[in-house]
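S.K.: Take a look at this one; I'll ask things after.
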Number of protein chains: 2
Amino acid sequence: MKLNIALLPGDGIGPEVVDQAVKVCDAIAKKFNHEINWTKALTGASAIDACGEPYPDETHEVCMAADAVLFGAIGDPKYDNDPKAKVRPEQGLLKMRQKLGLFANVRPTFTFPSLIDNSPLKRERIEGTDLIILRELTGGIYFGERGRKDDGNTAFDTCTYTREEIQRLAKLGFELAMTRGKKLCCVDKANVLESSRLWRETVQAMEKDYPEVTVSYEFVDAVAMRLVQWPNSYDVMITENLFGDILTDEASVISGSMGLMPSASKGVHTSLYEPIHGSYPQAAGKDIANPLATVLSAAMMFEDAFGLKDEAEAIREVVNKSLAAGIVTEDLAGTNKAYKTSEVGNWLAENI
Amino acid sequence: MKLNIALLPGDGIGPEVVDQAVKVCDAIAKKFNHEINWTKALTGASAIDACGEPYPDETHEVCMAADAVLFGAIGDPKYDNDPKAKVRPEQGLLKMRQKLGLFANVRPTFTFPSLIDNSPLKRERIEGTDLIILRELTGGIYFGERGRKDDGNTAFDTCTYTREEIQRLAKLGFELAMTRGKKLCCVDKANVLESSRLWRETVQAMEKDYPEVTVSYEFVDAVAMRLVQWPNSYDVMITENLFGDILTDEASVISGSMGLMPSASKGVHTSLYEPIHGSYPQAAGKDIANPLATVLSAAMMFEDAFGLKDEAEAIREVVNKSLAAGIVTEDLAGTNKAYKTSEVGNWLAENI
Ligand SMILES: [Mg+2]
Ligand SMILES: [Mg+2]
């Protein structure tokens, strides 16, 4: 099979971890007799540095022409700490999501038996956790009208949602729940926000189409608590953009294996696969970052974008083998030997 | 000393837990020779049921005439699950905050040595945690313009902040940090939101007035993670209303002693003291709710509103005594005997 994949390494540790995923994918292609055509393109701070624009048109064309996008990370502190910077790396992320129609971020949180004691939570709290958060990605306050008034002394941001945007995301949630535990939790702040009330009434109206799914409605602050207390009580969660940004990150650390968590962003035009971790600029160029989340994102890509389940499973197997063999980067090594990012990638590729 | 205190029991378990705090305060008044004048007033669902309004003018007058307000909890599920309800209990809370000028919610998170193993976090993660979150209460998306367009198919909410609102809250944060560990964390989403950028530049401009305070700026999603990973790395945190709503609730469960956490809301006209837990309607009327958070809120009131430190300390001491003696409600009893809400209150009052 011919696989056209856009490769967007991004900033910070992005290029290093993406390199390892490419090694693993190429090994898979060799083993399963596929032909991968990688097309690299710039995003984020590296794109700003190159051409002043965090998601250049050229990059967009590469993504549109591809069957799937494998993405690293975006972000550079030199822009974060400058409140007057006109262009920010994260604007590239937002623009990319919008132009590719990436409307749903799919974020699993699960545990690896051998790593469960890395969780900040007690074993009995985290054991059995297997949840997926579906975060709406193209609406809400990150994309609404914003600006200043009163000579810059008043700032505003607007959160807007349409019924269609909510239906599109909720549909994915109901369908995903049907393939799993048949529990769906709609997270909102319907006791205060009008947009949340639209979320709630829209999802309530869809319940009749999925009679087997048990739906609960919970406030975002209550969920922020319960994720720490009883994470294994959730199956599929759906929520709007900002709430999802916060909750998916909170969920990512409870397993103790954040460096290993993959994600997908489902798009109208194409889908994108990326690790959930950030650009981790302090580690950039040091060959110490954990590449497994990117490697597991590539596994999600084989399965979701190309329907290649065996290939995905082969990647997950070799990742589990590397964990069992202790071929891990310093974040997982404990008092044992820590391997370099590139060494882990080489080991995985050789053991496919 | 004459203490004029407005008493707002509210909904759910509010009346029960407030009753216990009143017993304790009356015992304190007797011991320390004060005269407390309690004036009761309605809020929330109970006020809607009585007069159709969750924060009636009469209640507001009682609060304005008082030196401090002791508050229970607000909320009733019969309003939450009805997206078309015109008046909601929580609107009373918002209206009260606005009319009393309650602009800062002060939320400590600390551990009780005897209860540390109740935390969902491992002991080594939670030990030594002693942080305070200052949440801005009168601005942001909970108070901005909201509504529907397109025949109800589009909903919007607006987050607005002024430089003055931010300065007022940040000033409290800097001052509080000066009395503690001299570390201040400003929580925002300045990489995306304009209101967050105004927060960041306003706080940055205030740094020079507090040269001893070390200020950090962190994104709300990163803080949602770090609160689970390393809660003891924080001292004082300042943030806007919605972020504070989510983070204070998340912080409340990490100690494992949520039922014991007090809070204060600093006001322009008066200040309000309340437990952080909600109205817990499932337990209402059962005499099983933990009254300690409300009792400890009364301790905060004696110290903050009246400058009565010994009285506050006497309350905290008797609470610690009750914990050590196992005179606790079912949430803390484990396999030991669980006491009723009223029994705990009686024991505390008798042991003052
Ligand atoms: Mg995030
Ligand atoms: Mg809350």
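Just so you know, glycine gets a Cβ as well, placed from its N, Cα and C.
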S.K.: According to TrEMBL, A:ARG97, A:ARG135, A:ASP221 bind substrate; which one of A:ARG88, A:ARG107 is listed for that same site?
M.R.: A:ARG107
S.K.: Measuring Cα to Cα, how far is A:ASP249 (Mg(2+) binding site) from A:ARG135 (substrate binding site) in Å?
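M.R.: That comes out at 11 Å between the alpha carbons.
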S.K.: Taking the binding-site residues A:ARG97, A:ARG107, A:ASP249, which residues show a Cβ-atom distance to ligand 1 below 6 Å?
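M.R.: A:ASP249, in sequence order.
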S.K.: Who sits close to A:LYS189 (site 'Important for catalysis'): which same-chain residues at least 6 apart have their Cβ under 8 Å from its Cβ?
M.R.: A:SER196, A:PHE219, A:VAL220, A:ASP221, A:PHE243
S.K.: What three-state secondary structure does DSSP assign to A:LYS189 (site 'Important for catalysis')?
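M.R.: In the DSSP reduction, A:LYS189 (site 'Important for catalysis') maps to coil.
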S.K.: Over the domain 'Isopropylmalate dehydrogenase-like' (A:4-348), work out the mean pLDDT and round it to an integer.
M.R.: 94
S.K.: Ligand 2: which of the binding-site residues A:ARG107, A:ASP245, A:ASP249 have a Cβ closer than 6 angstroms to it?
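M.R.: Near ligand 2: none of them.
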